[in-house]
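Features reported for this protein in TrEMBL:
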TRANSMEM  A:6-23  transmembrane segment
TRANSMEM  A:30-48  transmembrane segment
TRANSMEM  A:54-72  transmembrane segment
TRANSMEM  A:84-106  transmembrane segment
TRANSMEM  A:150-179  transmembrane segment
TRANSMEM  A:209-230  transmembrane segment
TRANSMEM  A:251-271  transmembrane segment
TRANSMEM  A:283-306  transmembrane segment
TRANSMEM  A:318-341  transmembrane segment
TRANSMEM  A:372-391  transmembrane segment
């Protein structure tokens, strides 16, 4: 890359990262959640990218960090004077302690058995949540307040963003540096061939426990940062959704690229936040995107961009067009179906003698009986499919 | 004291007994070959010595210390290194990084996370020297999985030797090689294993006779003869069981 391109990229990244300092609470909150998700997914991917260990229970370590931080802030309210900037470290600490305990057990096995053990641990903690009132606060959870610290009030979220940004930078730097250390190299080799590594004299179980502890500590740090921002946490953070999020984000972003998971996490968190106001079907679209990426872009979005072969501009545009056409008609179909199959629509139909009354979607009045309503999206989808089919044919002949 | 010593070792998988009472002694500094027809149990015996399997009964000692209840990594740390018959490397690592894993193990660098692997000058120098020894220096930055077969075998050898082992177990180091490649590999092994104990499983009789001081013949899980190459070539039972078809 040319020097001035690099400088421009660094400047742009800096501007994007610092911009939320000027945002209102609504968007500072979004920026915080994107950064936290990015750090969490990257921490999760330490295990997968290096050692090929797929954890299905990382919500536990994230949640451990969140609870530790909220409890510490409550202690702060009671008179303990830990500066707010150091509070997220409590998340990293509790994540690493739980990580050593759970990691020791889970890494006794590799492959599918490892995944199953992490899943079982997560289910265990999740079911424990509502029962252990003193620690997890039951259904209501635990709440606390940020106290002013170091001359800043930390009342507005853009001030909190500063802490989140700083600690995320430390977290990402750790992940980047770890890959270069001897232990990082050994962990990488472990993912390829654990048996061979043992015959070189390495205790592979210990390597896996170290790696798991580091991954859990950084997950705990991410959870701790969210804890500082949200000031509240309940046991649902241990639920399947928070363990699934880093898995989906990592594979959509690109598991074998250092910052692929961070990109995927920021992208999906950002989209999720914006689109959850517009549609109730965001999780469905995220699921479909996940399936499609795993099927057609196994290297993930960033991975395909970096490693994929260079295409002529015309083909890249055609490909994007095909994807847009297909996804637009898919979204139209899903949204229409969610309206037409809803209870309110069927009661509306009943009041109109069972006729297919028109419905509103994307600010348009649509009649379910009209051929154009279904024909246009169908034609769009077919066009998209034909374009991508032609592109594929050309690729194979080339 | 012998480098490798097996007494009355047996190994059973379910109802089939693969190793049926093996007594074997390999002296310190000796180059010893283990030959035998397919299915005789040579690889199983290797796996028993290197700790991958535990014997069903009997004793194994390495350099006078009992080892048959130890894990592979403990045995490796006692100065025993093995190569694998089926090339078994790290697909995502470069040639350089692969050899560095062995060298780091030898230098005792394991749970180090406060400095980069590249900053260890002594390790880097050893890696470069080893790569030069096995003629892979010009391939240092190629992924191990992308090397041609014979170079993968050379890399396998380099990783094994990176541990600076006192006892080296090589499982068919010339398998699948052309005559010239095999001759090169033999010269390489001879040079790099000077002064160390070598136990090698090999099918190629030319390799065995030119490389080794003594030979043991394994047939149906039992050693039927041990001796110098010319004694083995004259042994009637060996010729009947194995060499009659394999050598002439």
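Glycine is treated like the rest: Cβ placed from N, Cα and C.
All TrEMBL annotations are machine predictions without curation.
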- Message: Considering only Cβ pairs within less than 8 angstroms, which of the stretches A:6-23, A:84-106, A:318-341 has the most against the transmembrane segment (A:54-72)?
- Response: A:84-106
- Of A:6-23, A:150-179, A:209-230, A:283-306, A:372-391, whichever stretch has the most CB pairs under 8 A to the transmembrane segment (A:318-341): A:372-391
- Message: Is the transmembrane segment (A:6-23) in contact with the transmembrane segment (A:150-179), using at least 3 Cβ pairs under 8 Å (sequence separation of 6 or more) as the test?
- Response: yes
- May I ask whether the transmembrane segment (A:209-230) has at least three C-beta pairs under 8 Å with the transmembrane segment (A:30-48), counting pairs 6 or more apart in sequence? yes
